Amino acid sequence: SATDDFREEEEEREREVADYYALAKSRRQFGGSHLTESSEVDDDDDDDDDDAAGEGSRTDHGGIHEGNEGDEARAHGFGGARGIKSSWKGGKIGARGRTKGVEALDEREESDDDGKRDESVPASEKSAPSSKGKGKLVDVELESTMRDSMEELDRNDIENPDDNPPAFQKFRNPPRSPMRHAIIPEETDEETARRYPRPPSPDRESIPPGAEGPMEHPRHDAFWANLYWICLASLFATFFLVFLHTSTPSNKKPLGDTIYTTLHASFHLLSVYTLVSIIVALLWLAVLRAFVRPLVIMILVAVPILLLSFSLYPFISSFKGTWHGESVQDKAMRWLSFIPAILALLWTYTVWKGRRSLSKSTEILEFACKVLAQNPPLLFVGFATLMSVVVWSWMWTGMFTRVFLGGHLNAKNKFVIDVSTWWLGVFFVLVYLWTLAVLSAVQRCTTAATVSQWYFHRLAPTTPPSRVVVQASLAHATSTLFGTICLSTLLVLAVRLPLLVLPRRLAGLVTLAAYACVPTPIATLTNPLALTYAAVHSLPLAPAARALANMPFVSKLSPTTTLSPRAVFDYGAARAPHAKPPRPAHAASALVPYRLAKLLLHATRAVMALALGFGGWVSTARLLRVTAAAAAGGDAGPGPGPGYKGSLYAYVVGLLAAAIGWGVLGAMEGVLGGILDALVVCWASETGGRLAAEARYCREAGELFG
């Protein structure tokens with residue numbers, strides 16, 4: 001019985017739908033006058049005009065067209081601001097097969113349509129719905145049933161309907177701006193509309209090209225970029241003033257043994273060292289790309305031998321020379337010659353402890369070479385960095401040499417360098433090292449962004465060429481990230497060396513003091529991986545360092561991720577049986593293969609810098625001929641005669657030669673070293689740095705690092 005009731009109710013609803021369609025058709029046939037009759041509006045004076053307008057607008061269109069109904073609504077002037085909007089939402093069928101608009105209109109129209117249905121609808125259409133109208137139901141705009149709206153009706157709009165209605169109609173007007181709605185009334189003229197134009201479209205594609213100004217790139221840590229440019233401009237301005245106020249000495253009046261004469265006489269030696277550095281760097285990179293495993297074995301054996309050789313060479317040479325080992329320079333050379341020997345012992349100990357990870361470290365280097373083969377423009381970035389280092393080094397050497405002409409002759413007719421010149425020389429050295437670090441960091445950021453795109457998007461359906469990616473990465477590094485690069489390199493230049501040399505407790509005190517200024521571990525800020533993380537994720541240095549500090553393989557007390565004896569010792573203690581739980585600092589011992597691979601890359605660079613440094617120092621101290629009548633230093637022991645060999649400022653040549661070798665070899669090492677660091681950061685960003693996590697974007701990286 002319940003089913004029968006439901007069926008009867010359904011049939012009754014179907015009849016109501018048919019009545020509604022009949023009512024709509026009757027309104028369409030008899031025009032605007034019947035609209036007023038259906039809404040109980042007794043305006044008899046306008047019936048004839050409405051009938052004429054209705055017949056003229058419906059003659060050529062038999063069914064229910066969306067354009068006619070929309071034009072009728074617009075002709076009556078009923079927009080979105082007045083009247084009662086229809087509840088019809090697009091003709092969605094309800095649960096009982098009826099549109100939602102019909103359900104909303106049934107009760108309102110039932111009392112008005114019972115008496116007029118028989119007069120306006122033929123008998124054949126009383127029981128069945130129209131086949132043409134049912135599928136084309138549109139908004140009937142119930143505003144037409146309101147008397148107050150009909151009083152505002154413009155008769156001219158009804159008498160001249162649109163003959164070509166549009167094929168479709170937007171039923172809802174776009175939302176108006178609240179401010180515009182409050183200022184401009186609805187009924188406005190064209191002059192007011194021109195005076196108060198519509199607000200711009202949120203769609204960028206609707207704005208013609210050239211209407212917007214050029215989009216500015218965000219700049220992270222912009223202050224430090226400005227500081228670097230100010231320092232660089234100050235260096236050139238200072239040299240210009242020095243050039244105007246100094247003059248080169250003549251052969252008749254030599255200055256004696258000074259920094260100027262020593263550097264000026266060592267230009268040939270420095271040029272030879274520069275050429276040797278370039279040849280070794282290019283040869284090392286070519287052999288590493290072609291023969292990774294043989295080169296790794298050769299590095300393991302050759303590094304301690306070379307270090308011991310350059311330890312004995314300055315030690316033996318310190319007892320020879322004009323002063324027979326009694327000068328201050330000879331004593332300093334004798335004591336500093338033990339540094340290469342200590343480094344050789346530490347190298348042997350570190351490699352021996354990490355020997356189980358040697359095979360995997362070689363595989364990591366091979367994987368980095370594969371990435372380089374798929375991104376060959378990174379090689380050109382390395383060559384450009386190398387040439388920039390060489391050009392900048394020789395440009396700076398010429399300016400630095402000229403600076404030390406600032407001095408005066410004392411009572412003994414000896415040239416004495418002014419105190420202000422020494423401070424100016426310190427400024428020149430700091431700017432030179434900062435610029436070398438900035439060049440290397442630009443290469444690192446360019447490589448990191450390129451490898452990031454390769455790591456996450458190499459399997460995309462459409463990938464841009466590697467050349468385009470490298471160009472975009474270089475532009476990003478020199479614009480958005482340049483301030484971050486300057487800040488990172490400045491911190492590395494000022495803080496990283498004490499953190500590496502000092503014991504752990506003293507380094508912890510330095511970190512604690514720096515934390516009061518920057519709420520980020522200072523060791524993590526100076527870690528090169530922080531700059532790589534900032535390049536991959538396009539972040540300022542401090543947020544990148546805080547995110548990197550959460551990685552389990554990064555120590556908050558160690559400013560490097562290269563394998564070191566301290567990390568090896570902690571790693572061995574953590575793996576020892578029945579050992580105590582490792583301290584947080586021991587988390588830095590993770591990823592030993594990656595750290596050993598970094599150590600293998602750094603080995604050639606460090607050995608070459610030490611070799612050039614000690615070689616330039618010893619050669620200048622023993623072979624450089626000084627043409628002055630007397631030496632500049634009074635504490636040199638027995639005074640040498642005219643035309644002696646050896647300069648007391650030979651250490652300046654040694655430091656400059658070491659810096660040139662470090663920069664040139666660093667440009668070639670940065671090609672693979674930057675790729676290796678970028679791969680680790682991308683892997684850690686994907687997996688959170690957990691060794692057991694699965695890498696989905698690059699499974700080979702997950703197998704090598706995880």
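Residue 1 is the first one shown; counting continues down the chain.
Backbone N, Cα and C define each Cβ position, glycine as well.
The compositional bias 'Acidic residues' annotation in TrEMBL covers 39-53.
If you look up TrEMBL, you'll see 57-75 marked as compositional bias 'Basic and acidic residues'.
The annotation region 'Disordered' is assigned in TrEMBL to 25-140 (among others).
Sequence annotations record features per position, and here TrEMBL assigns region 'Disordered' to 152-214 (among others).
The annotation transmembrane segment is assigned in TrEMBL to 223-245 (among others).
Taken from TrEMBL, the feature transmembrane segment applies to 265-288 (among others).
According to TrEMBL, the transmembrane segment annotation covers 295-315 (among others).
The transmembrane segment annotation in TrEMBL covers 335-352 (among others).
The transmembrane segment feature in TrEMBL is assigned to 378-396 (among others). Within the chain carrying the transmembrane segment (378-396), a Cβ under 8 angstroms from the stretch's Cβ atoms is held by residues 274, 278, 281, 285, 372, 428, 432, 435-436, 439-440, 442-443, 446-447, 450, 470, 474, 659-660, 663-664, 666-668, 670-671, 674-675, all 6 or more beyond its ends.
Residues or ranges marked as transmembrane segment by TrEMBL: 422-442 (among others). Residues 228, 231-232, 234-235, 238, 242, 259, 385, 388-389, 392-393, 396, 399-400, 403-404, 406, 474, 477-478, 482, 485-486, 488-490, 492-493, 531, 659, 662-663, 666-667, 670 of the same chain lie 6 or more positions beyond the ends of the transmembrane segment (422-442) yet place their CB under 8 Å from a CB of it.
Non-local neighbours of the transmembrane segment (481-501) in the same chain are 219-228, 430, 433-434, 437-438, 440-442, 445, 507, 510-511, 514, 522-523, 525-526, 528, 530-531, 534-535, 538-541, 544, 558-560; each lies 6+ residues outside the stretch with a CB under 8 Å from one of its CB atoms. TrEMBL lists 481-501 (among others) with the feature transmembrane segment.
The transmembrane segment annotation in TrEMBL covers 513-536 (among others).
TrEMBL lists 599-618 (among others) with the feature transmembrane segment.
Per TrEMBL, transmembrane segment is recorded for 648-668 (among others).
Sequence-distant contacts of the transmembrane segment (223-245), counting only residues of its own chain at least 6 positions beyond either end whose CB sits under 8 Å from a CB of the stretch, comprise 399, 402-403, 405-406, 424, 427-428, 431, 434-435, 438, 482-487, 490. Residues of the same chain lying 6 or more positions beyond the ends of the transmembrane segment (648-668) and with a Cβ under 8 Å from any Cβ of it are 257-259, 262-263, 266, 269-270, 273-274, 277-278, 280-282, 284-285, 327-329, 332, 382-383, 385-386, 389-390, 393, 397, 432-433, 436, 439-440, 443, 604-605, 608-621, 624, 631-633, 636.
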